[in-house]
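Q: Here it is, the structure in full.
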Amino acid sequence: MNLALLLLLAPFLGFLFNIFFGKNIGKTASGIIGTGTVVLSFALSIFFFLQINQSHQAISIQLFDWIQISNFKVDFGFLLDQLSILWLLFVTGIGSLIHLYSISYMHDDENMHKFFAYLNLFIFFMIALVIGSNLVVLFIGWEGVGLCSYLLIGFWHKNQDFNDAAKKAFIMNRIGDLGLLIGMFILGSLFSTLDYATLKTAIAGATDLNIYWISAAAFALFIGACGKSAQIPLYTWLPDAMAGPTPVSALIHAATMVTAGIFMITRLNFLFDLAPDVQNIIAIVGSITALVAATIALVQTDIKKVLAYSTVSQLGLMFLALGLGAYEVAVFHVITHAFFKACLFLGSGSVIHALHGEQDMRNMGGLKKVMGITFITFLISSLAISGIPPFSGFFSKDEILLVAFEHNKVLWFIASLASLMTAFYMFRLLYLTFFKEFRGTAEQKSHLHESPSLITFPLIVLAILATIGGLISLPTNSWLNAYLAPLFTKTATEAHHFGTTEYALMAVAVIGGIVGIAIAYAKYIKQNQLPAEDAAISGFAKVLYNKYYVDEIYDYLFVKSTNSLSRFFRDQVETTLSSLVFGLGKVTNEIAFQGKKLQSGSIGFYLFAFVLGLCAIVTYLFLAQ
Amino acid sequence: MNVSLLLIILLVGAFATYLAGDKLASKVALFFGLSALGCSIELLNQFNAGENISYLSQWINQPNIAFALKADGLSIAMLLLTTALTPIIIFSSFGNDYKNAKAFYSLILFMAFAMAGTFLASDGLLYYIFWELSLIPIYFIALLWGNGDTEERKKAVVKFFIYTLAGSLFMLIAFVYLYQQAGSFLLEDLYKLDLSATEQLWIFLAFFLAYAIKIPIIPFHSWQAKVYQKAPAAGTMLLSGIMLKMGLYSVIRWQLPISPLAAKEYMNIFIGLGIAGVIYGSIVALRQKDLKKLLAYSSLAHVGLIAAGTYTLTIDGLRGAVLQMIAHGFVVVGLFFIAEIIFRRYETRTISEMGGIRSQSPKFASMFLLLVLASVGLPTTFNFVGEFTVLYSLSQINLWFALLGGTTIILGAYYMLKMYQHVMLGETNSKVFADVTAKEAITLVLIIGVIFFFGMYPKPITDLITPSLENILTHINRVN
Amino acid sequence: MSTILIIFCVLAAITLSTAFLTIFSRNPIHSALYLVICFFSIAGHYLLLNSQFLAIMHLIVYSGAIMILFLFTIMLMNLNKENEVHKPRITRLGAIVSFCLICIVLILVFINSKPIIGEYVHTGEDYQSIKVLGHVLLNEYMVPFEFASILLLVAMIGAVLLSKKEKTGK
Amino acid sequence: MNNILNEIGIENYIFLSTILFCIGIFGVLYRRNAIIVFMSIEIMLNAVNLLFVAFSTYHQDAQGQIFVFFSMAVAAAEVAVGLAILVSIFRNLGSIDINNLKNLKG
C-alpha cells in the first residue's frame, strides 16, 4: 500500500521540489530530479506488474472519505488491476523517456525547472487518473491532466497565440468533462456508487436495468472521452495544442493523456456493453474521425500538425475498436501507438531542435545525411504506423480492421481508407523531411547536426519498442488478451479463426499501406514535387489545408455568438435591468413631484379637500356598514 | 462559554478600534478579529462536545420579542466563515493606507458583528435587526473609501442601499404577518406554524425578494457589479465573501422551512432562476473590461448555482450549497485581493492595461492561477466538492438542470482563463510589477491552503453541517 | 302644533335664512348685520331651552363683543363696498355640491343612527341656573376655567401685538 | 313642568344645527372674503353650541352648558387673534382675498 502511494506521490514530490527549489539547484539537477521521480514510479509499476501478473489479484486501497452524497459517498480510493498497471507501465515508461529527452531538449529554456515541475505534475495526475478506484478520482486526474496540458501548451506564455491554444484545449476538454460529470450523475443515481468494482457487481447483479438511462450515461461518458481523446466534434484543440514544446506533444498529446478516453471506456466496458446504440455511435464517430483527420493530414505542411492529425486519426481507429466491443484491440493499439507516435514526435522534435524551431516541411529536406539516428527511428515508426509487417502497428491496426470487417463492411472500408492515407502522409512527411536536398536557409544549414545522445537514446528505445511491440498480442497467441481477460464481461477475446478471409484482409491492409507509400514515393521522390505555398493552394486541397474550416465554423457558431451574446447582455440587458430599478426610483420621484403640486398653497383648495375628506371619513365610519 | 460573547467581542472590538486611533486601529481590529475566530472555534469545540449552544432572554414583552441566539452546525459553519474571513480581510488591508483608518476598521468589525448576529439569531425580529444592521457599515465603507468618480459611486452605493433595504422591507412584512399568526418571533414557533398554501406562497415571495436582492439572483442583481467595482477592496470582500452568504443562509434557515409548500410547488422556477443566473453571469463576465466587474459577474454565476442547489430541497443540494458557500467565500476574497494587489501596483483595474505580469512575478502568477483554478472548480479544490454535490442534486431533480448548471464549468473556465490570459500572460509588461510582499503572500497562501485542504478533506465541514441540514429538511418535509 | 314648536320653527327659519344671507350678501357690513340677527335667533333658542344665563352670555359675547369686533375690522379695512370678485363658477359650483354632499351625509348619519324618540326625562332638578352653573364651573372645572382666562389674556396680548403697526423706519 | 324637548323633539335640534353647520362650511368654501369666511366659522361654532345646549337639556345636565362657555371663550380668543391677523395681512397685501394667500406652498 505504501509503495502504491509512493508510486502515485513520487512525481508529485518531484513537482513540489521543482516548483519551490528548482530554480536554485540548476537546470540539469532539476531535470534529473524530475526524471528520477518518474523512473521511480516506473520501477514501482514494474514491481506491481510482476506482482499482479503472478497473483492475478487486484490491489485496492481506500484512503479516506472525500465527498458525501445522500445515497453514496466518494472516497479517495485506488485500484491497481491489470488495466491500470498496463497503463501505468507505458505512462511512466514513456514518461521517463520523455523526461530524459527533455533534459536536453529544454536545456536552453530559462524556466526549465518549471517545465519539469509541470511534467511531473502531469505524470502525477495521469497516475491518479489511471489508478483511481472510482470515477471521481478518475475525474481528478482527468481534470488535472487537462490543467497540465493547459500549463504546458502555454509554457511559452509570452506568446498569446500559444496561450489561446492552451485555453482552447482546456475549454474543449471541459466540454467533455461536463459530459463525464453528467454520466457520473446518472450512474450515481442509478446504482448509488461510482466505484468501478461495486458498479460492476451492481450491474451484473441487477435484474431490471434501465437501458435508456444506462445508454444516456454511456453517451455522456463518451462525450467526455471525445473531449479528452480528441474525437469529432471536440478534436480541434489537439492540432492547436502543438504550440507546446515538442516533448509535451509527444507525452501528453500523443502517448498518454489523449488515451484517457479509451482508458475510461475500457474501464467501464461492462457499462458500454449494455448500450449497443452508444457503441454504434462510438464506432461511427471513431471511423469518421479517423477518415477526416487523415484527409486533413494529407496536405498539412507543419511537421507537428501532420503528426497531430495523424494522432487524431489513430485515436479514431481506437474508438472504432471500442465501439465494436473489441476493447483489448483498442488497448493494444493504444500501446503500440504510444510507442511509435511518441517516437515520431520526439523525432520531429529532434528535427525541429536541429533546425532551431523550423516546423514547416517545405523548408526541410535532406536531413537523412546529417541526422542518421533520427532518420532511422523515424523510418521505423513510420513503417509501424503505416501498418507494414513486422512492425508493431501492423498487428494492432490489422486487428482493428479485422474486427471492423466482421461487424460492418462500410466501417472497414473507411478504416482501410484512413490507413492508406496514413501510409501516404507519413511517407510524404518522411520524404519531405529527410530526402532530397535541404531547402532551408544557409544559416540553418550550417548549424545542422545530429541531436545529442540524451535525445537520441529515447528515440532508439522507442523505435525498438515500436518494432517489437506487436509481440504482446500476436494474432494467434495473444498475451495481452489473456492478461486483460478478467476485465471484460464479454468473452470477445477468443482468438480469431484464421481462414482465407483473414489472410486476404491482412494482405489487403499491407498492400494498402504499400500503395500509400508508393504514391508518396512517386509524388515526392520521383516527380520531385513540393507542397505548394499557402497562397497557391486551391480547390479541395485548400479546404483540406484549412481543415474543412471547422475552426472557423466553431469560431463563428460558438465563440463569436457567445461573445456577441455577451456583448448584447452587457450593453442591452444589463442597462435595461439597471434602468428598470432606477425606473422604480424615478416613478416614486415623479409621484412625489406630482403630489407636491397638490400642495398648491391655495386655502380654498385645501378646504375643499378637507370637506371631502370629512365626508369620506364620516361615510366610512357611520354609513359604510 | 456564552454564545453572545462572540457578538460582544466583535462589538467591543469595533468601539475599541475606533478609540485606538488611526495608527493602532488595524492592529487592534486584527486582534479582535482573531479573538472572535478563537471564540468561534471554542464554540465549535463545545458544539462537538454535544453542548447546546443557545442564549435566550426576553427582550420586549409587547410585542413578544426575545433576544434569542442559537447555534447549530450550520450557524457555526457560517460563523467560522465570517470570523475566519474577517481577520483575513483586515490583514489584507494592511497594505493600504486608508485615511481615517480607525473608522474604517471599526466599521469592518461592526459589520462582522452584524453578520455574525444574523447567523446566530433565532428570533425573527432580532434576525431582521442584525440583517439590516449589516447594511449600514458596508454603505459607509463603500461610500467613503470607495474608488472612482464620487458622484457615480454615490449613485451606485445609494442604489444598492435602497434596493436591498426595499427588498428587506417585504421580509419585515412577512415577519409581521407570521407574528400575527404565531404570537412569537421565535424560530421554533415559526417552524410550527401551519399556514395555508396561499399564505406560504406570499411569505415565500416576500422572503424571496429580500434574499434575491441580497444574494443576488437575476434579475435582481443590477446593483452588484457597480458596487463591487466602486467599493474598496475590503468592502468588496465583505460583500462577496460573507454578506452574500447571509442571503443564502437565510434561504436555508428561514425561507424554506417556514414556507415549504411554496418552495416545493414552485421549485422549478426558482432553480431555473438560479441556473439562468449561472449562464447569464458567465456570459456577461466574458466581455467585462474591468477586473472587479468581471469577478462580480463570476460571483453572480457561482451564487446562482448555490441558490439553485438550495432550492432543490434535497440534502445534497443544501449540503453542496453550504460547502460551495464557504468555498466561494474564500475564493472570491482571494480573487478580489488579487485585483487589489494588481491595483496597488498598476493603479488600474482595466484588464486591457494589464498583461505580462507572469514573467515579472511568477510567484504571484502561481497563486493567482491556483485561485482561478479553484474558482473554476478543479477537483481537489474546495469548490469542486461543493459544485459536484450541487450539480448532483440538480441532476436528481432534472438532468437538464444539471446540464445547464454544468455549463458553469465550461463558461467559467472560459472567462476566467481569458481573464488570466489577458491579465497575467503575454509579453512582459513595461510597467514595473513589484513582487508580492510578505503580508500579501501570507494572506493568499492562507486562503489557498484552506481551499485545498478542504478540497481534499471536506469531511469535518460535512459532518458539522449535515445534522442541522437534515433537521431543517425534516421541517421542510413536515407537510406533504 | 304647540306654541313652542311654532316658536321653534320661526326661530329656526330666522336662523337658517340669516345664516344664508350672511354668506350671500355682497356687502360685508350687511353680512355682519345678518349674522347679528342670526346670533339673536340662536339666543332665542337658548331661551326656549330655558338656559337664560347662557342666552345672555351669548348675546354679550357674540352679538356684543365679537360682532362689534367684526364691524370695526370691516370699517378699519374699508371693506364696506361690494367690490369682492366672486370665485370662479366652478368653485362656487363645487361649494354648492360639497354643501349638499355634507348635508346629506350628516343627516343620513343621524337618520341611520335611529334615535330613540319618546318620552324625555325630566328630573325637575335645577341644572342651569346661574347658581348651579357657577358651582360646577368653579368646582369641577376650576382648572380649565383658569386656563380659559389665561387663554383670553394671551389672545388679547396676541391681538395687540399682531395688529400693532410695524415700525417701518429703521 | 315638562321637559321642553317633549314639545320640540331633539331630532329637530340635531337637524337644525347640522344644517347650520353645513351652511358654515358652505360659506367657507363659497366666499373669498376672509371676513365672511370668519363669520362662517362663527356660524359653525354656534351650530355646535346650539347642539350642546340642546343635549344639555336632553340629559338634564349642566356639563353641556359649561362646555359652551369654554367654547365661547375660545371663540372670542380666536376672533380676536384672527381678526388681528387679518388686519396685519390687509396691511401687507392690501386685500383679504384668501386666494391671494398662497404662502403655504412649500
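Cβ atoms here come from the backbone N, Cα and C positions, even for glycine.
All TrEMBL annotations are machine predictions without curation.
Annotation comment: TrEMBL describes B:73-91, B:103-122, B:128-148, B:160-180, B:200-221, B:233-254, B:266-287, B:294-315, B:321-343, B:364-385, B:397-417, B:438-457 as transmembrane segment. Per TrEMBL, the feature domain 'NADH:quinone oxidoreductase/Mrp antiporter transmembrane' maps to B:122-407.
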Q: When you scan the chain for residues with a C-beta under 8 Å from the transmembrane segment (B:397-417), skipping those not six or more beyond its ends, what do you find?
A: 267-268, 271-272, 274-275, 278-279, 282-283, 285-286, 294, 298, 301-302, 305, 308, 312, 314, 372, 375-377, 387, 390-391
Q: Using a Cβ-Cβ cut-off of under 8 Å, list the residues of the same chain that are 6+ residues beyond the ends of the transmembrane segment (B:73-91) and lie near it.
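A: Here the qualifying positions are 6, 26, 29-30, 33-34, 36-37, 39-41, 43-44, 47, 53, 105, 108-109, 112, 115-116, 119-120, 234, 237-238, 241-242, 245, 249, 252-253, 322, 325-326, 329-330, 333, 439, 442-443, 446-447, 450, 461, 464-469, 472.
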Q: Among B:103-122, B:200-221, B:364-385, B:438-457, which stretch has the most Cβ pairs under 8 Å to the transmembrane segment (B:160-180)?
A: B:200-221
Q: Using Cβ distances below 8 Å and needing 3 or more such pairs, separated by at least 6 in sequence, tell me whether the transmembrane segment (B:200-221) contacts the transmembrane segment (B:128-148).
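A: Output no: the transmembrane segment (B:200-221) is apart from the transmembrane segment (B:128-148).
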Q: What residues elsewhere in the chain lie close to the transmembrane segment (B:438-457), defined as a C-beta under 8 angstroms and at least 6 residues from its ends?
A: 84, 88, 91-92, 94-95, 326-327, 330-331, 333-334, 337-338, 341, 363, 367, 370-371, 374, 379-385
Q: Mind checking which residues reach the transmembrane segment (B:103-122)? Cβ under 8 Å, same chain, six or more beyond either end.
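A: For the transmembrane segment (B:103-122), the sequence-distant neighbours (Cβ-Cβ under 8 Å, at least 6 residues beyond its ends) are 3, 6-7, 10-11, 13-15, 17-18, 25-26, 28-29, 32-33, 36, 54, 68-71, 75, 78-79, 82-83, 86, 89-90, 93, 129-131, 133-134, 136-138, 140-141, 144-145, 186-188, 234, 238, 242-243, 246, 249-250.
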Q: Residues sitting near the transmembrane segment (B:233-254): Cβ under 8 Å, six or more positions beyond its termini, same chain?
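A: Contacts of the transmembrane segment (B:233-254) (Cβ under 8 Å, skipping residues fewer than 6 from its ends): 74-75, 78, 81-82, 85-86, 89-90, 92-93, 96, 104, 108, 111-112, 115, 118-119, 124, 127, 131, 134, 138, 141-142, 145-146, 187, 190, 207, 210-212, 214-216, 227, 292, 295-296, 299, 303, 306-307, 310-311, 318, 321-322, 325, 329-330, 332-333, 336-337, 339-340, 343, 469, 472.
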Q: Run the contact check on the transmembrane segment (B:266-287) against the transmembrane segment (B:128-148): 3 or more C-beta pairs under 8 Å, excluding pairs closer than 6 in sequence.
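A: Not in contact, no.
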Q: Taking a Cβ cut-off under 8 Å, which residues six or more beyond the ends of the transmembrane segment (B:294-315) line up next to it in the same chain?
A: 215-218, 221, 224-225, 228-229, 240, 244, 248, 251-252, 256, 260, 263-264, 267, 270-271, 273-282, 284-285, 288, 321, 324-325, 328, 332, 335-336, 339, 351, 375, 383, 386-387, 389-391, 393-394, 396-397, 401, 405, 408, 411-412, 415-416, 419, 466, 469-470, 473, 476
Q: Quick test of the contact rule: Cβ under 8 Å, at least six residues beyond the ends. What residues does that give for the transmembrane segment (B:321-343)?
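A: For the transmembrane segment (B:321-343), the far contacts come to 74, 77-78, 81, 85, 88-89, 92, 95-96, 228, 233, 236-237, 240-242, 245, 248-249, 252, 291-292, 295, 298-299, 302-303, 305-307, 309-310, 349, 354, 357, 364, 367-368, 371-372, 374-375, 381-383, 385-387, 389-390, 423, 436, 440, 443-444, 447-448, 450-451, 454-455, 458, 461-462, 465, 469.
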Q: Would you mind listing the long-range same-chain contacts of the transmembrane segment (B:364-385), meaning Cβ under 8 Å and 6+ residues beyond its ends?
A: 298, 302, 320, 323-324, 326-328, 330-332, 334-335, 338, 341, 357-358, 408-409, 412-413, 416-417, 419-420, 423-424, 433, 435-436, 441, 444-445, 447-448, 450-452, 454-456, 458
